[in-house]
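Notes follow the structure.
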Amino acid sequence: MNIAVVGLSHKTAPVEVREKLSIPEPQIESAIAQLASYPHIDEVAILSTCNRLEIYIVTSEADQGIREITQFLAEYSKLPVLSLRQHLFMLLHDDAVMHVMRVAGGLDSLVLGEGQILAQVKTTHKLGQQYNGIKTILNRLFKQALTAGKRVRTETSIGTGAVSISSAAVELAQIKVANLAACRVVILGAGKMSRLLVQHLISKGAVEISIVNRSRDRAQELAKLFPQQPIKIHPLSEMMSVIADSDLVFTSTSATEPILDRVKLEMVLEVQRSLMLFDISVPRNVHADVNELENVQAFNVDDLKAVVAQNYESRRKIAQEAEKLLEEEVEAFDIWWRSLETVTTISCLRNKVETIREQELEKALSRLGSEFAEKHQEVIEALTRGIVNKILHDPMVQLRSQQDVEARRRCMQTLQMLFNLDAEEQFS
């Protein structure tokens, strides 16, 4: 069996490609079902965020499994395989294991050390289990990755002062305008990213903030989190009129198509009116054609890289500390992985000994008579089970703990010969 990951991220693909391969949560179930139906995919998990799409699989034939994922991605994105392939990365076993650890630890994020990714990996694990994509191997891998991510956050200072996509967008806005306090700011959307936007805008001095959202209740819940700030709430029907009176617009909605484009802005903006748009959504909320308007500037998540680069340089040493922790978690997973080879032998031995125990117990109880057997069966059964477990405990622990592959296989062969076991290897 092999673990493989195929995906693309902010490192390998521009936002125009990433938005075509964003799989929203309501579509995860059908995507897992389709991938799991392929003949060479035994387990599957999907991690989809604004900056990455990664598909993790367990497969007996890595080349075939990777080919099936690539075909799925081409069909989903409606991009030709040759065009798509240049944006994909493909990693096998040890590299795939280290990769998911780095992702969970925030070391592969656009914003080094950002905290949201750990929750997203947790969601990937939960949905993979819920929709029957994740079984024994990926379950262990994602549990180990979540442990790794938590260790990175608690045992290093990588999370202290780390910026997020939202804070990077606000920082970029601060670079582009002279004074945030003098700007009328609109946020489209009322989710977690929008909450972070409000938080960072207030910390940078913004005072006039409006939220436009489809659900008024959700927007009001967000506004209540900042009681010291008079935040205005507007329904979606007022979006364009609110934008027309604004200086800065931040977009963070779950829309799958652009909600702002050149035509819409032309209809409401005065001729000399300047406007800056910061789109942190993937798929994008703002169409690229708005940049054709003379006094309009639009920025997307890929434009945040310059801001993020400064953050990375100051945090490189912390990242190196985190890498050492990840190596420990990779080793822990690898020890477990290697122990899988012993599962069949141990299972066969247990079954054989259990069969003998049950047969001998039945003989003993029949000799003791029904009255005695009924009265003491539970005690005698517990006694025999305890003896069997204690006898088997040390050999099983020793077998699992053999680090050397050849030594472990010799131990298995010895057990199989001594106990006349019919065990076939399932893992190689």
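Any Cβ shown, glycine's included, is placed from N, Cα and C.
The active site, nucleophile annotation in Swiss-Prot covers CYS50 and is backed by sequence analysis. The substrate binding site feature in Swiss-Prot is assigned to THR49, CYS50, ASN51, ARG52, SER109, GLU114, GLY115, GLN116, GLN120; the stated evidence is sequence analysis. As annotated by Swiss-Prot, NADP(+) binding site applies to GLY189, ALA190, GLY191, LYS192, MET193, SER194, with the evidence given as sequence analysis. Among the features that Swiss-Prot reports, site 'Important for activity' is placed at HIS99, with the record citing sequence analysis.
Positions of the features from Swiss-Prot, shown on the structure.
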{"residue": "THR49", "record": "substrate binding site", "DSSP (3 states)": "strand"}
{"residue": "SER109", "record": "substrate binding site", "DSSP (3 states)": "coil"}
{"residue": "GLY115", "record": "substrate binding site", "DSSP (3 states)": "coil"}
{"residue": "GLN120", "record": "substrate binding site", "DSSP (3 states)": "helix"}
{"residue": "ALA190", "record": "NADP(+) binding site", "DSSP (3 states)": "coil"}
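With respect to their backbone Cα atoms, GLY191 (NADP(+) binding site) and CYS50 (active site, nucleophile) stand 14 Å from each other.
Sequence-distant neighbours of SER194 (NADP(+) binding site): residues of the same chain at least 6 apart with a C-beta under 8 Å from its C-beta are SER166, ILE187, ILE211, LEU222, PHE250, SER252.
Between the CA atoms of GLY189 (NADP(+) binding site) and THR49 (substrate binding site) there is a gap of 17 Å, rounded to the nearest whole number.
Each residue contributes its Cα atom, and for the residue listed as 'active site, nucleophile' and LYS192 (NADP(+) binding site) these two points are 13 Å apart. ASN51 (substrate binding site) and MET193 (NADP(+) binding site) have their C-alpha atoms 14 Å apart, to the nearest angstrom. Across the structure, GLY115 (substrate binding site) and HIS99 (site 'Important for activity') are spaced 17 Å apart at their Cα atoms. Here the binding residues for substrate are THR49, CYS50, ASN51, ARG52, SER109, GLU114, GLY115, GLN116, GLN120. Their largest Cα to Cα distance works out to 15 Å. Under a cutoff of 8 A between CB atoms, and with a sequence separation of 6+ in the same chain, the neighbours of ALA190 (NADP(+) binding site) are ILE211, ASN213, SER215, ARG218, ALA219, GLU221, LEU222. One way to see the shell of the substrate site is to take the Cβ centroid of THR49, CYS50, ASN51, ARG52, SER109, GLU114, GLY115, GLN116, GLN120; the remaining same-chain residues with a Cβ within 8 Å of it are GLY106, LEU110, VAL111, ILE117, ILE165.
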